[in-house]
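Annotated in Swiss-Prot:
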BINDING   Tyr127, Gln189, Asn212  NAD(+) binding site
BINDING   Ser237, Gln259, His262, His327, Asp360, Glu414, His419  substrate binding site
BINDING   Gln259, His262, Asp360, His419  Zn(2+) binding site
ACT_SITE  Glu326  active site, proton acceptor
ACT_SITE  His327  active site, proton acceptor
Amino acid sequence: MNTLDWTQLTADARTQALTRPVQTVATQTREAVATLIADVRARGDVALREITARFDGVTLDSFAVSEAEFAAADAAIAPELRQAMQDAVARIDTFHRAGMSEGYAVETAPGVVCEKIVRPIGRVGLYVPAGSAPLPSTALMLGVPARLAGCREVVLCTPPRKDGSVDPAVLVAAQLTGVRRVFKLGGAQAIAAMAYGTDSIPSCDKLFGPGNSFVTEAKQQVAQSGAAAIDMPAGPSEVLVIADAGAQPAFVAADLLSQAEHGPDSQVLLLSDSDALIAAVQEQLDLQLAQLSRADIARQALAQSRLIKVATLQEAFEISNRYAPEHLILALREPRAWLAQVEAAGSVFLGDYTPEALGDYCSGTNHVLPTSGAARAYSGVSVASFQNMVSVQAASKAGIDGIGACALILARAEGLDAHANAVALRMGVAA
């Protein structure tokens, strides 16, 4: 990893230091996704079978996972994996349930009551990728809040393996969250199918889940068309660690590597006011990297990552807020005392014994988070992501008589005569 001294960098160099790996969507990628979506819309399941054969190397008679396949998955996974997923579900449920909104009502004027009521989104589509490895944890992170929200129907798509099966852990994870409509479908074609619907795949109101550049582009295109809403902008995974001189170098290095192994376009940053800590972390990175099965992937990510020396921890937080990381680890002696300095981050991990991996799997928070700086304005997935907040108002005759004049003045100022008339008629006055 490159080591930089923030105090010695020019403004342009500082901007470059915080620049994420280039992930421009090439024109050919955008056009390929648009063509694929159009094909799925026009030919439905026929197109899906051809595309799946081309990209996944398997021809499927049926996309739907059968009850027999669910049963086989149940029998295939190790008992300790099942128990770990059950434990994770319980904690994810506990955390997300605590944050649920029940709506509210308030009288804003005599005879005028305004309410906010909460309704589940009708049908949602979950995408669980399986590029370099299947991700049953993503099925848990999406399935639990969808269940708590009360969505009428939850659809899940995940890529098939070359033998036509689906990773059994993903199927068990789906079952544990109450998801039974699972389809063997991956990539941009899965997004197109869930957005527009085919004979086999129902169209969904909102789509959730991470994916590669084709999946990300497909989500953007279907959202722009109005076919389906999406959870948030997506991008490569990332972590920023702020560490003081008392941090454990081995812990910090392990956290950086746990994010770097996601993919070659991941980015990891360390900000510290200690030269000794930075040097020790670099040594640990070299030692630990050699032991990883995905060392080649992690090494590519580290090549575009940074170890940055800062003058003060306060400066580190200013840099972090500018970067707005997906994951922020505070490897500090008094991490909670610094929490108020955090303005933009997807998820924060406090202290030496809270690795980012806990949030990925089983602490209870959600690991589907905004990336690429989107944490400045977006939040991670929650139960509210699967719900609509509907406004309700009711006015009595006395209520409209009391506040109607306000509406009349504003309607006239905007030149909207019909608006004014709708109020005036009820008040029995001239518009």
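Backbone N, Cα and C atoms are what each Cβ position is placed from, and that goes for glycine too.
For Glu326 (active site, proton acceptor), the nearest neighbour among the listed binding-site residues (Tyr127, Gln189, Ser237), judged by C-alpha distance, is Ser237. Sequence-distant neighbours of Gln259 (substrate binding site) (same chain, 6+ apart, CB under 8 A from its CB) are Ser237, Glu238, Val239, Ser266, Val268, Ala301, His327, Glu356.
Note on proximity: of the binding-site residues His262, Asp360, Glu414, His419, the one nearest Gln189 (NAD(+) binding site) is His262, by Cα distance. Take the CB of His327 (substrate binding site) and look out to 10 A: across all protein chains shown you find 25 other CB atoms. Across the recorded positions listed here (Glu326, Asp360, Glu414), the residue whose Cβ sits among the most other Cβ atoms within 10 Å is Glu326. Most Cβ neighbours within 10 Å, among the binding-site residues Gln189, Asn212, Ser237: Gln189 holds that distinction in the structure as shown. DSSP assigns Tyr127 (NAD(+) binding site) to a strand in the three-state reduction. Note: the CA-CA distance between His419 (substrate binding site) and Tyr127 (NAD(+) binding site) rounds to 44 Å.
In this structure, Glu414 (substrate binding site) belongs to neither helix nor strand by DSSP; it is coil. Ranking the binding-site residues His262, His419 by C-beta neighbours within 10 Å puts His262 at the top. If you take the C-beta of Tyr127 (NAD(+) binding site) and look for same-chain residues 6 or more apart in sequence within under 8 angstroms, you find Leu156, Cys157, Thr158, Ala190, Ile191, Met194, Leu207, Phe208, Gly209, Pro210, Gly211, Val215. Note: the CA-CA distance between Glu414 (substrate binding site) and Asn212 (NAD(+) binding site) rounds to 47 Å.
One way to see the shell of the NAD(+) site is to take the Cβ centroid of Tyr127, Gln189, Asn212; the remaining same-chain residues with a Cβ within 8 Å of it are Pro129, Cys157, Pro159, Gly186, Gly187, Ala188, Ala190, Ile191, Gly211, Phe214, Val215, Ala218.
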